[in-house]
Amino acid sequence: MVKETIRVYARVKPPGKRQQAGIYSVDDNEKSLSSLEIIVPRDLADGFVNNKRESYKFKFQKIFDQEAKQDAVFDSIAKPVAECVLAGYNGTIFAYGQTGSGKTFTITGGAERYSDRGIIPRTLSYIFDQLQKDSSKVYTTHVSYLEIYNECGYDLLDPRHEASKLEDLPKVTIMEDPDQNIHLKNLSLQQATNEEEALNLLFLGDTNRMIAETPMNQASTRSHCIFTIHISSKEPGSATIRRSKLHLVDLAGSERVAKTGVGGHLLTEAKYINLSLHYLEQVIIALAEKNRSHIPYRNSMMTSVLRDSLGGNCMTTMIATLSLDKRNIDESLSTCRFAQRVALIKNEEILNEEIDPKLMIVQLKKEIQELKDELALVTGKERTSELSQDELLQLDELIETFLEDNDPDSTLDVGADMRKIKYCFIHVKQLMNHSKISDTKLLSQHISEEKDTNKEAGEEELKKLKELLQQRDNEINILVNMLKKEKKKAQDALFQLNAASAGSTVLEQSHSINLEESQSPSSCFSLKEAKDFSSSVHRLPFLSRQTGEKMSLGCQEAFEVFKRDHADSITIEDNKQLLNQRFTEAKHLGEKLNEVRNKINHLKGEINQRHIQRAALAISSPSEELHTLDPVEEKLRTQIEEEKNRYKTMFNRLKGLKVEIEHLQLLMEKVKVKLQKDFEVWWSEESINLQV
């Protein structure tokens, strides 16, 4: 694993005929890095003082001035990366700069002269020359050409490109596996066996690129293009394969819409270009921060494709193309600042080796055969894949002896023969399965016995439910008989009222009211009494003793009717009213006692306050006699004595009320017990009569 920062280079474009050159200087005297200093003159117009910074200094691996040739750029930038790719490492070269600064010329080259060839054709030529010279390995080369236009990917090597519109072509989509490796769907890999085939594929892709004329560049590329060379190599007879890839990236140039003044379709393209370059800068800033946990690769398609190139397994090189005329000084400074941030990113280069499964299978088969031959030579026996019948019988006897032996230290020795060991394991497994089957049969028998037991318990439960149902039927019948008796009483009362209804209209109305009250055996008044009494009698003790359960609904209704018609019901109501009166009187007396106690405390406080005032007066006026009687104090003491007498009288009355309340409660409890016993006797008699 090799860990190093991204190498950053700068290339200065010569100014055009109508462009005014800016002021800059290149310092190549330093040992390792070159320095570029850009001078921005201050604007002294209108007499204002301008303290803006004049000099900007940036460091690069190497700076290619205006006179630099394409071959020098290739030798310094692309050749070391191509050598690493041939050795099995991944590599990336990308150009960054504003539109019209020479990115496409550096990466692809010019079409006028052969010497103007860019990095891509020179790299292809160099790689195929090295592949022809190296005969110790077998190489396979493939080429792909991806275009990202308006944040959509297209395959530039698709044969339908010339005959179809760009929107009709299949889009290249990004897919990610669980290991976060990026795969591009619908991107074709074209095999190239020599330099000529690879260059033809490059020219085909360049023909299909989106190019338009803008105010900044007559042939401005309006998309990002990634030309990728895939190389796989292996030595003859070896199962190890080395796979590497080289990305050659030509980014679309950023531009200021306010300066160029483009509109319509060109404006839409410029927005997508600037947005994707903005996301690229976000990724660069996030990678430069030490404690950053999330890197926003997925914000754009370009950063997703170049994930390995930015902070991953790749040797990456950047070329910052600069157009140092006065009009473009600000854009050039921005490009240099971006390059300085890129130079802080570290990549980890890993040798990409993997095992060819087909060759590994052949090697393993050969090794197995050699081991068999060696084993036969050592043992002197030619082993077959299956055991003989005599060996199987002998193994069965050994297994049976081993299982019957109760010694925990006993062992089963079958020799260093995997066939015998495997047979022993299979035989023991069969015996275990057989014992499991017998255990299952015993378990099924146990389950059937439990079912029989559960059946008997169910029959007993059914019997209990039938008895409970019979009991409920008896309760219903008793209630029906009671209702019949009540109905008969109501009819007799109606007959008497009709006989006596020959009077005036007022008498008829009063009789009808009494009739309505008497027709309802459970009128509102009687229901209220029953509820008051039932609230004091929560449950019947005799029912709890007999059944241990709560009173049934039918039994409760019967008890309400029985209680209303009982002879002691009037006594109960009288005692209850008297008890309520005594409770109310006791509560009123308690409140009065509290008031008297508070009043006594208040009067005592006034006497103490009077003492304090007289003592203070005696200190201030010694002539005043302190021991003379105070009429106000005497009056307060008289009031206290009167209130104490009232308090004693009310307290004695409260004690008498308490004794009377306790006596009434005892009487009520005795009547309740008697009522419960009478109901128990009556209920038992009704049940016996119903059964008879």
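Glycine is no exception: its Cβ is also placed from the backbone N, Cα and C atoms.
According to TrEMBL, the protein carries these features:
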BINDING   Gly97, Gln98, Thr99, Gly100, Ser101, Gly102, Lys103, Thr104  ATP binding site
COILED    448-500  coiled coil
COILED    633-674  coiled coil
DOMAIN    5-345  domain 'Kinesin motor'
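Using a Cβ-Cβ cut-off under 8 Å and counting only residues 6 or more beyond its ends in the same chain, the coiled coil (633-674) has close neighbours at 536-537, 568, 571-572, 575-576, 578-579, 582-583, 585-586, 589-590, 592-593, 596-597, 599-600, 603-604, 606-607, 610-611. Most other Cβ atoms within 10 A: among the binding-site residues Gly97, Gly102, that distinction falls to Gly97.
Neighbour count (other Cβ atoms within 10 Å of the Cβ, all protein chains): 23 for Gly100 (ATP binding site). Mean model confidence for the domain 'Kinesin motor' (5-345) is a pLDDT of 82.
Using a 10 Å radius centred on the Cβ of Thr99 (ATP binding site) and all shown protein chains, the other Cβ atoms total 23. The Cβ of Lys103 (ATP binding site) has 26 neighbouring Cβ atoms from other residues within 10 Å, across all protein chains displayed. Sequence-distant neighbours of Ser101 (ATP binding site) (same chain, 6+ apart, CB under 8 A from its CB) are Lys13, Gly253, Thr321, Leu322, Ser323, Asn328, Glu331, Ser332, Thr335.
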